[in-house]
Structure formats: C-alpha cells, structure tokens
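Below is one structure, written out as structure tokens, with a few remarks after it.
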Amino acid sequence: MASAPLLQNDTLPPANAGVAVGLELGVLHEGFSPDSMTSKGDQRVSMVPDVAEQLIKDGYGVNVEKGAGVYSGFADQAYVQKGCRIANRAEVIKKSSVLFSIEPPVSDFAACKGKVVISWVGRLLDKGKDICEKAKAAGVTLIDVTAVPRITIAQKLDVLSSQAKVAGHRAVIEASYAFGRFHTAEMTAAGKYPPSQTFVLGCGVAGLAAIGTSKAMGSVVRAWDVRDVSDQVHSMGAKWVAVDFKESGEGQGGYAKESSDAFKKFQQETFKKVLSEVDIAISTAAIPGRPSPLLITKDAVAAMKPGSVIVDLAAQGGGNCELTKPNEIYTTENGVTIIGYSDMPARMANQASTMYAQNMCNLLRHIHAKGKAAEFLKNLNGALDAGEEGDIVSRSIVCSRNGQLVKMPPPPQPTPVKPKAAAPAEKKAAKADPLKASLVSAFVLTFGICCLLAMGEGVKSSLLTTFLLAGAAGYQAVWGVAHALHTPLMSVTNAISGCTAIGGLLLLEKSESPVAYQLAALAVLVSSVNIFGGFVVSQRMLNLFKKPGDKDYSGMMLFPAVIFLIISLQAPDLLKAVSTVSALLCVAAIGGLATMSTANAGCKFGMVGVFGGMIATMVGLSKANLLFSSLLLVIGGSAGIFMGLKVSPIALPQTVAAFHSLVGLAAMCTSIGSFVSRPVSGATMENTSAILGDFIGGVTLTGSLIAFGKLNGNLSSKELSLPGKNYLNLTGLFLFIFFMYLYLQPDEKHGVLILWIVGALACLMGLHLVASVGGGDMPVCITVLNSYSGWALVAEGFLLNSNVLTIVGSLIGFSGAILTKIMCDAMNRDIFNVLFGGMNNAPAVKGDDTGPKEHVECNVDLCAEMLVNAKEVLVVPGYGMAMARAQTPMGELAAMLRKNNITLKFGVHPVAGRMPGQMNVLLAEAGVPHEWVLEMDEVNPDMENFDVVLVMGANDVVNSAAQELEGCAIWGMPVIEVWRAKKVIFCKRSMGGGYADLDNPVFYKSNTEMLLGDGKKTADSLVTKVRERLEKV
C-alpha cells in the first residue's frame, strides 16, 4: 500500500514527463455557484489549461482545485490533458508553494502560512489594506496583481488593462441587449431605421474597447476623456467631445487625475447636452484608491430619451452616474435603463480567464527570468532584499512578507504627452539670421560665377554655353520625374552615359600612337556594353509597370533613328545638326520619364539620341576604323544585351553600379589616350580636361566596383573606418592638385606618366571613399556615382570639342546631383557626411527606459485574422522583402484583399531598398498596379486610419528613433510613421537593427507585434491563411 497514490489522478501520465518540477503552483476555485445563496466569487479562474501547459514547460508543477474552471468553460479533464493534477482544495494548498486565486482566499490564509498567494488585492483601497493586514498576521507572502507599475516592461503583466478590455467589450453587449434596437443604420421594406448614438466617457483601455466594439456594430460614437486623446479617438472613427475648460488631466502612473470642482461643473453641463442626444452612454472613469468621479448627474439622466441605456463600469467605486446602484440593473421613471454591474469581465469568463492567466504566466516569467521555475522564489526575495536597486515590478506587487508589510515604492512618472503643434511651430519660428543667410548665398553665387568665368578663359564659348543650357534643362527635367520612376531614370541616364563611346570613336580616328589606339578601342568596347545593357534593363523595368491589356506604341518613336541614318549618309553638312538634335533627345528622355504614361516614349528618345550621336560620329571614320569600331560595338553590345536580359529586378542596384564602373574606365582611357596621341604640354583646355576626366573616371571606376561588391554581398556593407580616414581623403585630394600643377607646366616632359599616376591615385581614392560609406547610405552613393559619370563625360566633351558629349555629360551630371539632393533630403543626411563615411559615427543614444525591452510576437494565423477583419491595410516594403523575394506573394495578397473590399495600399519610402525607386520596380514586377503604391508624404497624413500596417522587411525607414532619440544616427530623417496606426506588424527575420544598426522603439510599442521568420515563407503562409479565412466568410 505504501506505493499506492494518495490521489486517484496521480496515476495519470503527466504531460511534462522528463521535466524536473522546480516549483509547485496551485489554482484555487473562486467559490462561484449558480446558487446565489452560496456563491462567494465569480465565474473566472486564475489559470487556464493552455497557459498551464506553458508553465509546465518552464518547470512548474500545476495543481488545480476540482471544478475550478468549470464555470469558465474549462473542464477538469482539459487541465489533466495538459499535465495538471486535480485535487481538493486542502490538497492543492498543502502541495503548492505558490497559490493563484483572483479573489484573495482570506479564509484560508492560516493554511497558507509561508506560501506565496497571488490575487487581485487592490492594496490602495480600504478593503485591500485590510486583506494585507490579515496576510501579514498569517505569515503569507501576498502579491497584488493590480499593483503592477505602468511601465513598458510590465505591460504584459497588467491585469487591470486586460480585464478592462473585456469589460469595455462586454459593456457594449449589455447595452445592446438592454437597448433592444438596431445599432447600425437599416433600410428595409418595413421602414428606415437610423443608427444608434453612443457616448463613451473615459478613453482608457475599457473606453477604447467600448468605442471599437460600438463602431464595429455600426453605432455612431462620441467620446470624451479628461486627457486630450482626440487623435486616438478620431483614429478609431469616433467623434471627440470637447469640454472647453483648460485643465491638465494627467495623473500618476498613467491614470487620469481627479478634476477640480469648476471643471466638474462645466463638464457636467456639456455632458447633459450630449446625453440628451444619444441612446447609449458607457462610463469608464475610475481613479484607483478614490471614489469614482461624478460625470452623469440625475438632471442629465432626466434629460435622456426614454429607452436610453447607461452602463456604468465605475459602479464598484460608487459610479460615474449619480443614480447608479452597484451590481444592479433598473429603469428610471423616465425610461432610462442604468446598468451597474461590477463583474463585467466575469460575464465573459472564458475570455477574461484566458487573458488573466496569460498575465500570470508573464508575471512568473518576468520574475524567474532565464532561471525558470527553480529561480522564482530566489529572484522574488532577492528583488525585495536589494531595496531600490531591486526589480521595480517585484517591489510594487508584494504586499507582505515574513510577517511584515512591504512598502510600495512610488509609482513611476508617466512619459509626458507630446505637444501636438507646439514643436513644429517652434522650429518654424527659429529662422536663420537673414544677414548670415544672405552673406552665404552671395558667397556661393560669387564663387560659382568665378568658376564659370575661369572656365570661359580656356573653354570655347559655344561649349560653355552648351554646358550651361544643358545643365539648366536637365536640372528642370529631373525635378519632374515621378519618385516611382527614379530607378528607370538611373538606368536610362546610365545607358546614355555610354556616349563615352563617341569619345573613343573620335580618339580612334585621330590617334597615331598604338597605345592611344588600344585605349580608344577599350573605351568603345566597354561603352557599348553600357549602352546596350543599360537600355535593355531600362526597357525591362518600364515593361513591369504596364497593366494587363495595356497597348504600347512607343516603338514608333524609333522612326527618327532612320531619318538620322539617312541624313548622316546623304547630307554630311548636317552632321553637326544631327549631333545637336540627338543630344536634345537625351534631355527629352528625362522629361519623358516624368510620368508613367510617357516613360516608355522617354526611354525611346534616349535610344534614338544615343544612336544619332553615334552614327553622326561613325560616318566620319575611315573605312578600317569603321569596320573595327563596328566589330567592337557588336561584341560589347552583345555582352550588354546578354547581361541586361539576365539581370533580375533584385540585382538592379549592383547592375547600375557595375555599368557606372565601365563609364569611369572609358573616361580614363579616352583622357589618357588623348594626351598620348597629342602630347603637348601646357595649361590648355585639352590638358585640363584630360587630367580632370582621368581623375573623375578613376574615382568612378573603383568606387562603382566597391559599390557593386557591397550591394552584391561580395563585400561587407559595413563602412571602412581607417584611422584618420578623412585626412587620407584630403591627402589624396592635395596630391591630385599637386600632380595637376606639375602636369600643366609648359615644359613638363612626363605628362603621360603623371596621368597614369593620377589614374592610380584616383582609383585608390574611389576605393577608399566608397568603402567608407555605410550600407545605409548606398542609395546616395549610387546617385553620386551617377553624377560622377556625367562630369567625366563633360570633361571628354571639352577635351574632344564635342557638343554632344558636353550636353549629355552636363545632363547626367546635374541629374545625378539632383537625385543625390533628393536622397539626402529623404534621409536627412549631409552629402559631405555621406561621402566621407559618417553614417555610423553618431554617438549611441540611450532612452529613458529603466529595464529590458520586451516585444510581443504573433503568428501567421493571428496576422491573417487581423488582415481579414481590417478595412484599411498599409504594407511598407523594405529591402528585406527584396532579399527574401517576397514581393510576388505580397502582390497576390494585395489583389486578394482588394477583391474582398479590403483596401490595401503600399507605402514606399524614397530610400527604401538600395537605390531610388527600387521598391516600385519590385512591386511592379509582382503585378501591383502603380495606383496602389503611394509615397511617404501621401500615407503619413492618413496613418491613423489604417487598421493594420504590415512592415515587410523595412526598419530604418519606419524607425521612430528618428523623431524620439535626438542625436541618434537617423535623427531628423523623415520616416513612415507606422506607429500611429491602430496595429503594426513587423515581418522580419530577427529583432536586429537596420543598416543604421539602431534599435527600433516601434518594436516595443503597445500596438506592435512581431512576426519573425523568413520573409518569403511568411508571406506565402500569410497568403494561404488569408485565402482560407476569406473562403469561410
């Protein structure tokens, strides 16, 4: 008999076999009974089977009193199946070291001596203080779950919030039952019926839940709170009721404070008017430890319409309504039903118990930390013994220990509410000194004019005029290009920069040196790769933006190429005109990219322009050079077409970078070859252009190769930080100036050697400059390299006296500069900081949080449920989506939700991805119509209207640290303010930071959940779950 079990259920196989029990937990019956004469508690239970299973895995043993969960919908067998033991009350108390009971088991305190009792005490109330005294006398360690401090790390433990949410929801259900009429507007054969009118007083957790449920049922909702939370109320679709009396409503611990008598009188007059107009009033205003404030007077009740309903969730503290009877429902003489139930959560016992139990699980896990069950008591006592250095949560919730009362520490001060308009007004008011601004502008203008005049001394006036006019035209054209077309713009300008082939062709014809001839041939070869490959990539990208059924006749724009060919062959006198018109077509190409409707035509303009410039040059070549150059163009063009057809949209950034390197190489070759062919020393326009083209080309060559390596994953995206790196860059610049001075001397005999040295120096500088740029600045870096390729072309134009090269080079140089300006503005970055690798040099900034940050995770099922139940959804894509190749399932998800009347939009940040506009191209590849894709400035004003924001692989572009942590690496950067939406879900691989390597505070906000995992697998699963869910509707 000694081996026989003491309890029958002890023979059941436990679910936690193999797990050592570190601490025994006990779950007590709340004493509820259908017989109101014997019932002592409510229907809830402090622990549910699913949560008990989690605790068992943490090393706890769970003993449940027989029948404890029956009235919440949890049978004893459900607990047994999860590994719990069922026993009578005495055995549970005896076997357990920690006991759970929502209502403090005061009658059992004597049997609980030396044990920990976790209950809803309310230690600040008179009743709670009496319970604490009894626990002290009995030697019980009493924990009050309502005393959890209002801080970030304790949000998951807050039973007041979880139960208040249930109460707010249930209040609407009770009101609806008592109201007995439609909530939503109805138009039927039996008549037309208006929607109900609901007034929610108090916008805490319960109030917001009541607003949400009322709106979901179709009621027209108004709301008020002593604190100004009008933005939050409006975001839920309710109307804010303003009490025009100035008084701060913020109190300790995040609750509202008690109002002054003058304010109360004024607000009651306001409420009386509103109450006379509405059908349902739900009041939720309660202040812990004090009587509930009077909001609804008997005069206001008398003014309400017959059939109206008041639900007073503050009844336990005396009620917000003067006529409330605690725990009763009755109807006044004028037909107003007043509900004063104080057990609203218990009326949804299953849901309330589940949420309460999860709070308890989170509480245990917070205290036991990584040590799990075996460390719970040790960590709890350790926090109390450590005094002010101990865990604030543990010190706040323990009421008594070792026969002594434990003093509760003062509640932490809540985070001050941000002024809504004061901050921006102050920034606008802080204007710069007009005198200083004028002096700076005057200096910049004077310096620019001096530079142009200096150029005019050596550059022909016709070339200088061409340069300036082309730059002005390009400047105006680029500003008009749509953000979504920035990537095609980069690709088209890259292809046009292949006009370096023209320089190579001119050098082929005039060179007599074998070295110069070989350099010219190399320039033609690599430039042809750039031209053909660039235009193929551009056209492929633009084709992605086409809608099914769209007809494109832009190919007709290629007809002028035939005219160019005929005129070049038949009318040699018009070759200069052909070159000039061809260059103007390149300008028109950028103008065509301003809109989706003209983008394809713009690309064709670029093709015709480059063709015209090439053919006008080639007709002037000798027969041998014509055949040789044609062969080079065929070889290079074939390679370019092959690469252009093979590259995937995800690889576009590195492809553009690789093509930029070819432009730099061609410029170097032409610059050096030109001097080798005609080695005349002196400070001439040709020599100045040659050394500048050599230098710019070298920087572009190696800089682009390093950018390619970083973007392609061959090199780390982290910036290179050599000691004194900025001094190294300055040294390189001074060396270039020194060699340029030597090179331009009239009697210099080593000009060729100096050019090779400058080329090598430029390559080293390009390598170091781009390697010093962090991954987060790559969009800016690519636009800078694009601009460099244009200036290299300008140098070639001056060198070879070519109008077409000067026009095209000026166009690309200025367009790249404007794109760089746009990118820097979008990132709040200083261009010099970018170029000299300062992205990650900002000092680390610490926030005010006092403990470890905790996030909330969700799964695919929950995310799918939220998407299906939403009306407005925003997806914010980032480079993580591109890396995971998740754009296709996201496009499928968008189409599916829109088909079911759920509006899904995409919000794209200007620098999302690794080059301007890359996300737009990827979404177009996935079949997402461009009308569904909005820019940052278009989605931010309406952010509160989105029910769900799904962030796919983005981080820095949605990081609230840009506005909250002054001095951080992205401080001041305009971001998509996703945290203002009703719910935010981050879909990313891990909790790691973005390119800026900065933690994102949005991860830890109360309306954020993390959906961690591989982006492609998650997106595919999300599509499947959403489809399944929609099919059930």
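A Cβ is built for glycine as well, from the same backbone N, Cα and C atoms used for every other residue.
The domain 'Alanine dehydrogenase/pyridine nucleotide transhydrogenase N-terminal' annotation in TrEMBL covers 26-167.
Taken from TrEMBL, the feature transmembrane segment applies to 437-456 (among others).
Among the features that TrEMBL reports, transmembrane segment is placed at 463-482 (among others).
Tertiary neighbourhood of the transmembrane segment (515-533): same-chain residues 494-495, 497-501, 503-505, 507-508, 610, 628-629, 632-633, 635-641, 643-644, 655, 659, 662-663, 665-667, 669-670, 672-674, 676-677, selected by CB-CB distance under 8 Å and a gap of 6+ residues from either end. Under the heading transmembrane segment, TrEMBL lists 515-533 (among others).
According to TrEMBL, the feature transmembrane segment maps to 553-571 (among others). Sequence-remote contacts of a segment are chain residues at least 6 beyond its ends whose Cβ falls under 8 Å from one of its Cβ atoms, and for the transmembrane segment (553-571) they are 578, 582, 585, 600-601, 603-605, 607-608, 611-612, 615-616, 619.
As annotated by TrEMBL, transmembrane segment applies to 578-599 (among others).
According to TrEMBL, the transmembrane segment annotation covers 626-645 (among others). Within its own chain, the transmembrane segment (626-645) has Cβ neighbours under 8 Å at 501, 505, 508, 521, 524-537, 540, 618, 655, counting only residues six or more beyond its boundaries.
Within the same chain, residues 494-495, 497-498, 500-501, 503-504, 507, 511, 513, 515-517, 519-520, 522-524, 526-527, 529-530, 533-534, 686-687, 689-694, 696-705, 707-708, 711, 751-752, 755-756, 759, 762, 766, 782, 785-786, 788-789, 792-793, 795-796, 799-800 sit at least 6 positions outside the transmembrane segment (657-676) and bring their C-beta atoms closer than 8 Å to a C-beta of that stretch. What TrEMBL lists as transmembrane segment is 657-676 (among others).
Nonlocal intrachain contacts for the transmembrane segment (688-707), taken as residues 6+ away from its ends with a CB within less than 8 angstroms of a stretch CB, comprise 458, 654, 657-661, 663-672, 674-675, 715, 736, 739-740, 743-744, 754-755, 758-767, 769-771, 778, 781-782, 785, 788-789, 791-792, 795-796, 798-799. Per TrEMBL, transmembrane segment is recorded for 688-707 (among others).
The transmembrane segment feature in TrEMBL is assigned to 727-744 (among others).
According to TrEMBL, the feature transmembrane segment maps to 751-771 (among others).
Among the features that TrEMBL reports, transmembrane segment is placed at 791-819 (among others).
Confidence for the domain 'Alanine dehydrogenase/pyridine nucleotide transhydrogenase N-terminal' (26-167), expressed as mean pLDDT, is 91.
Note on the transmembrane segment (727-744): residues 682-683, 687-688, 691, 695, 751, 754-755, 757-758, 761-762, 764-765, 768-769, 836 of its chain, located 6 or more positions outside it, place their CB under 8 angstroms from a CB of the stretch.
According to DSSP, the secondary structure content of the domain 'Alanine dehydrogenase/pyridine nucleotide transhydrogenase N-terminal' (26-167) in residues is 63 helix, 22 strand, 57 coil.
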